[in-house]
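I have placed the structure first, in the form of structure tokens, so that the comments after it can refer back to it.
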């Protein structure tokens, strides 16, 4: 076996079996059921229909559809890399969730010497998985499944630590994950792709193109993400009116960014026609932009405006920033995650800070101290007793002011970007190690390298000599 | 810019930005949260898990799938108009929902100077959106996105007014929307396509054909509509047994029409084979036919019979009525919405009237006066007090008899058809205005006009000279 | 009409209309609403939001997606049999559910002279439908829709009787249906395909191949099954912690089998590449393997191990057992249901028995007597009174020991396999009767036989002479 060979036969199974041994051992030693899934903890006071399962399962199922079908179809947009997009997404997601159950488990669900597992852990793990899949977008078509598993193996712990530190020490508002998910995923992915820079691909690649069918499949993925995004953004809010607002804002933000994307696509395209790449990506910008303030009383109009602004930034990013990053900064961002998750994440973080600064008891009533729990008075503060007359089960907070919190939000943004960029850079360096079956430049974006492909696959090439020639000059 | 040019670069963005300005202003001035999404209205009596979100969100998500993925795939059945079918559906639906939130908001959810927004508004707006998408089916492939947005812009207000008038003044039973949604959408669409008549298309068009892949994609759309139709038909019923029956009847009706469609398809096709167009459309007839009586005690057997009858009418419509309408009445109904929504809607309305006439207290118990709320005695009637001993929270009604109500149902059918046909006719006239980028006859059913298409798209033509020639004679 | 002709025009409608007459008559005479869907049984004590609809509908919708879209796409993997896979699945499933409502109705939901119909019946009928669809996998591409309907017509009653006998008299644990669904479906399907043996197909068939698009579509089906499998496996468990565990175990089992499948696929393929057939099928093995013990306290680690073991058995089955069965035992198992449902079902049954033997009150608390209801003391046993102090509504059981129950589980496995194999054999014999439009060997795996296909369909053949020749030697 040559160290630069791209064969999977030994490497992929070896890696997977090694990981499985680790996972099984950790499961057996450390993982048990959480209280609502443990038979011995039920008693005659337990009401089965109040099991936490019923509060979380439908959200979990919606996010499953986003992860496996939404992302899977969306990433299948290359004409000869549909298997790669959809199937590597399947493999990477499945592993990332298992891995995240363990790492998030140790940081967030560990007590009495055990990780306590319930559907809520799965939702959290799917968020971590989304992080990996977004980062995957930066290197789509240029990495082997071995590299993708190694990337997930490294990204999940970095993410779990960052998430834990930010949530425990900074205690930020970020219900839709604009900071922890989208910014982290984006800068991690950019870090990886920076190291994996392939200069030859900057002049275009004959296989880096879509087909009519692959474009349709990819739009289906977009639609699944669009439809269930309100579930994603509202999964981790407080129950009740907070979650209700999160659904409304996400829907409004997505709607605004979608129709804006059509307008901008015709303005900015060469011939005044709609670009399918814009339909597949830019329409979704609003879902990210409303994320950091999605559960707050920002007003429906503000959600609408956020959708428009996010869409404009995302579109301009695709048009002007991505080519610049590739040519000048050696950052080849294959799916443009910096536009859809980075720029929009930054806008969202800023909007979140504004919403925090504007939040008053007049607008929120006493539930201000639940949505912004760090603003609740500290234990022992007589004001806390006053508030508890209104909200009996109010938990003590940190007594922060809105201005103080704004600084914590800024710290979270900076810290997350720093951690993810460094983590991505180091991960990229590891992915350059030999034996990871990295494809050659020529074999990028080509399913034949890693899959048994049906026979007519090859013949597409023979049948389309015109395509073969024109592609090289036309791909941007 | 020539007034008959089909370029989108100026027109589409201009229209979208103008609409967005209107929407943002109206949102900012008029839209606020409804009580269950407003933080300041929650207090220590509020039980978060009883928020209306949890009663409505899963139905909302199901209908989202129908609107964006079900309709989107179903309308992608043309071989060279898959982008158009799926993407214009996306654009039109997204705009229609936003627009409907405002118009339905003013008519149904307006008080204290504000439109109060919650997930229930979104469900209602998605029903209005379904109306637009059904009408879209009549003109699929023959309209520009600019025309589609204008159509949605005009159809939504006409629909919102009709809906408001019918619900407020006629107070009809129509849980599944057979009258207000399917009949309205159908006759509006026929009105539009009547005005947009293109004589040259009556002899067939070389691009008006399906491909193997487009047929499969379209069947997927059918399946998504089929699977979630029970959610659609039961979304606006009373909670409890009424909603339970709505689910059962819809499932039974769809099942009956599906297997009937296969039987009729082989009988009526030229060569005894199954037609994919029938699988894509006629199978769904039962979902419409049970609509107007979907929450009543019609018995499972009657739901089954309604599915069969609706399917037969729909199939005969496709076979005999649609060609007649196109040749003799200048009504080119591209997807046959008159068969799937018009004929079935009429049958459903009739069945609803029968069910109303047959409804007795023996069958329904005192809940007769809830399912048929207009039959409850008027305020002050001593009979109302009697009934309130059985149902404490029974609302006063109009004291109508079943026979009286039958007349109101008839009035609703006639009124809805009249309003929609006139509205559609006028809308069609407006769509004929210049500057709306209407495609030429030659460019109909062709994605290349409005989309950047992948390169091999063109070559299909070169590769299939046989197809090009035979199509002209073979398309019906 | 020749008796061996494959024309559907008379046969399919005749069969469908005959079945519809039977169904309508049985519906009218025997089917009424269950208590929670019957208006007259609601009173002022009824809480609408506690209607059983709300406990079951979302699970029902999830399983609908699996049946119609998951199976439909998965079975569309042949390059020229996509219509057949997806559309015959649609037809067969729709009929099977209607038929199962009646047969399961008579056995499980019949009292006071009526079948009582609610959403719970639909869920049960969809399980029966899944049985038929799995069996369909054994004869995919080699049967006419007439044969498929006859198969469903015969399989449903045999299944309903077996299910009733096993549940009523043996009272087994099998929440995920590993025994009653997967083993039954597998051996019924093998029985049918044994009788329908076509020796000419053992040397390969030029149309028995996939295409790039059909492989992608089939993976989408796999993903839909994967995503909603936890709903399937947990649909019929006890509510509360039992259902919670069922979700967790199914997710863990599927995850483990998925990544294992990738490892094994590269090891066992000729060239070290990933096989799409493995991605489409073997990844799902874990969902079956955890089935029989899915609601028990087996521990997350054991669920993980079960996923791995099931995947290995399934993969080795595809590689070595299926070719052996086809060549030596005349069992042509088209989709390899013996690997994905038979071998895994046996492993699952064994694991279930182990879990039963290991179940103690220490692990389960008093709810041991609910999850394993047959272990509860019999009525009159003083121990029952003791337990009712802990669980007031505990039902009396059969006082069985774990060891006794293990024998009942073994009896259920043997009985189910025997009943299904014999039923399948006899059904196969009936399917060989003339007039059922069975395709000739040459016409197998070809949509053109039963469908109006788009025109370019034919030309694929002309365009790919290389494929036509090589296929014969290359198909395994």
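Placement of Cβ uses the backbone N, Cα and C atoms for every residue, glycine included.
Any TrEMBL annotation is an automated prediction that lacks curation.
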Of the ranges A:281-298, A:371-388, the one TrEMBL annotates as transmembrane segment is A:281-298
Look at every Cβ pair spanning the transmembrane segment (A:53-78) and the transmembrane segment (A:12-33), keep those 6 or more apart in sequence, and say whether at least 3 of them are under 8 Å.
no
Can you work out whether the transmembrane segment (A:122-141) touches the transmembrane segment (A:179-197), with the criterion being 3+ CB pairs under 8 Å where the paired residues are 6 or more apart along the chain?
yes
Could you tell me whether the transmembrane segment (A:281-298) and the transmembrane segment (A:342-360) have 3+ CB pairs under 8 A, leaving out pairs under 6 positions apart?
yes
The transmembrane segment (A:209-229) and the transmembrane segment (A:281-298): do they have three or more Cβ pairs under 8 Å, with pairs 6 or more apart in sequence?
yes
Would the transmembrane segment (A:179-197) and the transmembrane segment (A:90-110) count as touching if the test is at least 3 Cβ pairs under 8 Å, pairs 6 or more apart?
no
Stretch in A:12-33, A:90-110, A:148-167, A:209-229 most in contact with the transmembrane segment (A:249-269), if contact is a CB pair under 8 A:
A:209-229
Across the domain 'Ammonium transporter AmtB-like' (A:24-433), what does the pLDDT come to on average, as a whole number?
95
